[in-house]
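Chemist: Sharing a structure, written as C-alpha cells. Questions coming.
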C-alpha cells in the first residue's frame, strides 16, 4: 500500500482516510507545534507565514464579490500525486499534507483534514489558520453558514471540484441563501504569480512496442466499438484522467511525481481524435508515431491543453452525445456539456478496459516484479549486515532501496514515496521519514518497508515486515495472523464476477479470530507503468467485479499503536481456477517474489494447507528469482534466498506457553491477582 492521496483513485479515500484512523501521531513535543493561545503565539520554525498571501487573496475575492473561497488539495485531473505547479492549498496555508481542504473568508481562514495530518498541520500552519478535525463537505458547509452572511457568494475553481464534490456542496447550500459560484480563473494562482513553479516541460514520448500490450490504433478501435455497442450510442468519449490518455496512446512523460503522465485530455469521437496537450513537447518522432500513414478518423489532432473547455463547448453545439466517467471528470468540464447531451457512467470505457490486462501486459508486469524482487532482496541482505552496526536510519534505508531499484533494467524511479518505518513509526498512517526527522533501525524492533518501482514494463508495490532480533510472542502471533490472512485470500477460489468486497473478509478472518483487525482496505489495482493505485480494481464496496486478467494487491496488516506495525503486501493476478467440477471460478496468482520473515512466523498457527501454500510459493520464488540472482553474480543474495525459502515444517504449539496461559487464565477466573 503506497502512501495515499485523495486523487488518482477515489477508493483511496476509503483505503486510507480510515486507515489507522485512531492511531496517534508522533509525539513531537509541545515546542514542535504551534501554540496560538499565548501572547505572542509560539510558532515552530516549520511554520509558514501566510499573512501577506491571505491579504492578497482576500483582495482578489473582493474583486469577485466573494464571501468565501474554497481551495481543495487536488489538481484538475484528480491525480494521486500532484505537481508543485498545482500545490495551491499547500502554498496558501503552509500545510503540505496530502489530504485536506482550505476555506478563506474575509475575516477567517480554516483547514479541514483527518487525524493522519493533525500534528503536521499544527507544525506547519501559522495562527491565521484554524484547524478543523473533520472531513467531508458537511462540516465545511456548517462552518460557512456561521461565518458568511445570507446572500454570500462561495467561490471555487470548477477544475478542482469533482462532479460528486460539487453536487455535495451545492446540495448542502440549497435553501441557505448562499450561492456557490464557479470561477474559472484560480484566485490562488493570481496571488502566487511569478513564484508559482512552471508546468513541467519534459518531452512526451512513446513507449517502445516491446512494452505495450496493444497499439494505440487497436485501443482506439476498441473504444469506438464500445461506443457503438452502448445503449445510448455516444458520439464521443471524453477522457479526463491523465492515466487514460497515457494508456490509450502508449505515451508517457514526467509531469506528476511517481506517475509517468503528462497534462492532457482526449476527446475521442466516432470520426476524429483530439488530444489536448502542450504540442511543443511532442518531438517529430512522437508526432510521426501518432500520425504516420494515418487516415481521417485515425489521425490525432493535437490541440492546446488550455482550449479544452472551449473545444468541448463548441463540439456540444452539434447533434452529439458525450460519454464521460463521472469519477474522474471535474465540474469545470461537466458544466460545459448540456445535460441532455451527456452519457454518464461511473468509469469511462478506457478505465474499464485497461483494468484487464491482456496476455502480453500480464507477462510484462510479471517480469517487472522479478527484477523488483531482486532489488528488495538486495536491500534486505544489506540491512541484515548494516542494522547491527547502528548506522542505518529510516531515511538512509529508503534511499538505499530506491538506489537498488534504480539499478534495475528499465527502471524509471519509485512508484511512490517509500514508507520506511521502524518500531512505533510503523503504526502511523503514511509515515515516511525525512532527512531531519527519522528513527534509527534497531535489531530490537520491527521494521516495515512499503515500496515500489516504476519500470517500462510494469509498476510494482510490495510490503515486507521484518525483525532481526527476538520478537515478542504477541508480535509473532500478530505477524503470523496477518500472513494467514494474506494466504487465505491469495489461495481463495471464488465464482467469476464476484466483487472484491465479497471476499475481502478472508484476509481478516485470522485476525478477527483473535480480536484483532486493521483499519485500511485490503488491496488496490496496479498498472503497467501507470498508477501504483489503479482504479477501479480492488476490494472496496465501489470497486468493479473481479475478472480474469486483473492485477490487485493483497495487503492485510495489524498496527499496535505506539509500538509496532505489520503489513504484508503482494501483487496478484486474477486467473481461472482449476476446480474438481466444471464451472467459472477464479483465484489469484501472486507475482511478488520476496520471502516473508521466518523469524516472525509462528509455524504452530499454520494449518497444513497454509504450510503447503507457503512452501509452494517459496519454491516459485526460487524458480523465478534464483536464476536472475545467479545470472548477475549476486551470490550472497542467492544464498540468502535459498536460506529464506527453505520449506517450513509443521510444529506443535509451545506447550510451556500454553501451560502459562492456562495458569494465568485459571488464576484470573479465581479472582487472584497475577
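Cβ atoms are placed via backbone N, Cα and C, with glycine included.
It should be emphasised that the depicted structure is a prediction, and the values quoted were computed from it without experimental measurement.
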Chemist: If Swiss-Prot says 461, 524, 555 bind Zn(2+) 2, which of 534, 563, 569 does it name for the same site?
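Modeler: For the Zn(2+) 2 site that includes 461, 524, 555, Swiss-Prot also lists 569.
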Chemist: According to Swiss-Prot, 116, 524, 533, 555 bind substrate; identify which of 230, 430, 644 is listed for that same site.
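Modeler: The record-listed residue among the candidates is 430.
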Chemist: For the Zn(2+) 1 site, Swiss-Prot lists 461, 569; sort out which one of 450, 561 goes with them.
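Modeler: Of 450, 561, 450 joins 461, 569 in the Zn(2+) 1 site that Swiss-Prot records.
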Chemist: What is the total of other Cβ atoms whose distance to the Cβ of residue 524 (substrate binding site) is within 10 Å?
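Modeler: Cβ-Cβ neighbours of residue 524 (substrate binding site) within 10 Å number 33.
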Chemist: Determine, using Cα-Cα distances only, which of these recorded positions is closest to residue 291 (N-linked glycosylation site): 49, 65, 430, 524.
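Modeler: The answer is 524.
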Chemist: Which whole-number value in Å describes the distance between the Cα atoms of residue 533 (substrate binding site) and residue 461 (Zn(2+) 1 binding site)?
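Modeler: With distance taken Cα to Cα, residue 461 (Zn(2+) 1 binding site) is 9 Å from residue 533 (substrate binding site).
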Chemist: Using only C-alpha positions, which one of 35, 278, 430, 555, 649 is spatially nearest residue 461 (Zn(2+) 1 binding site)? These are the recorded positions in the record.
Modeler: 555
Chemist: What is the one among the binding-site residues 116, 430, 533 whose Cβ has the most other Cβ atoms less than or equal to 10 Å away?
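Modeler: Of the binding-site residues 116, 430, 533, the highest Cβ count within 10 Å belongs to 533.
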Chemist: Consider each pair of residues in 116, 430, 524, 533, 555, all listed by the record as binding substrate, and report the largest Cα separation in Å as a whole number.
Modeler: 20
Chemist: Which one is closest to residue 569 (Zn(2+) 1 binding site) in space, judged by CA to CA distance, out of the recorded positions 65, 116, 524?
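Modeler: Comparing Cα positions, the closest of these recorded positions turns out to be 524.
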Chemist: Just the number: how many Å between the Cα atoms of residue 49 (N-linked glycosylation site) and residue 116 (substrate binding site)?
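Modeler: On Cα coordinates alone, these residues lie 23 Å apart.
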Chemist: Pop the Cα-Cα gap between residue 430 (substrate binding site) and residue 278 (N-linked glycosylation site) into the table, whole Å please.
Modeler: 34
